[in-house]
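Pulled from Swiss-Prot, these are the features on record:
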BINDING   K9, F57, R85, T91, R102, N112  ATP binding site
ACT_SITE  H115  active site, pros-phosphohistidine intermediate
Amino acid sequence: MERTFVMIKPDGVQRGLVGEILSRFENKGFKIVAGKFGVLAESIVDKHYEEHLAKPFYPGMKAYITSGPVFRFVLEGDNVVATVRKMNGATNPTEANPGTIRGDYALSIGKNVIHAADSPESAAREIGIHFTPAELVSYTKIDESELYE
């Protein structure tokens with residue numbers, strides 16, 4: 001079973017979209033196996049976005065991502081990395097299809113509601129930055145045998 005890292009950004013939290021977004025993923029059949037709510041420490045942001053540290057847009061992005069609380073969580077399911085990326089929609093909301101999270105809710109490319117890992121390798125890296133192994137919970141959903149067998 002594959003896992004991915006997802007983060008609802010400050011604009012998504014402040015607009016009251018956490019429940020709606022979580023419902024979309026759960027309704028798709030994915031399982032939430034970890035979650036944290038709060039304002040990110042700058043050291044976590046620097047680790048998470050280390051590939052962007054030297055880029056000119058990084059200070060503004062860092063200021064935004066630490067401007068309010070985020071909800072970070074780990075989803076588990078078959079092909080979860082690629083499916084979550086499709087459900088999120090294009091990074092630029094003007095290019096995101098209606099019905100996707102960004103197509104329905106994002107207001108700008110800078111404030112686009114949600115982040116998700118772009119590959120299984122990135123997911124493992126990001127999960128390791130935000131969660132300890134002990135924080136990842138294994139359990140069986142009542143309907144899981146019907147979804148994955």
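Note that Cβ sites are derived from N, Cα and C of the backbone, with glycine treated the same way.
Location within the structure of each feature annotated in Swiss-Prot.
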{"residue": "K9", "record": "ATP binding site", "Cβ contacts under 8 Å, 6 or more apart": "Y64, I65, V70, K111, N112, V113, I114, H115"}
{"residue": "F57", "record": "ATP binding site", "Cβ contacts under 8 Å, 6 or more apart": "none"}
{"residue": "R85", "record": "ATP binding site", "Cβ contacts under 8 Å, 6 or more apart": "A116, D118"}
{"residue": "T91", "record": "ATP binding site", "Cβ contacts under 8 Å, 6 or more apart": "R102, I109, N112"}
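Of the recorded positions R102, H115, R102 has the largest number of other Cβ atoms within 10 Å of its own Cβ. DSSP gives F57 (ATP binding site) a coil state; it is part of no helix or strand. R85 (ATP binding site) falls within a helical segment according to DSSP. Residues K9, F57, R85, T91, R102, N112 are recorded as binding ATP; their most distant pair of Cα atoms lies 23 Å apart.
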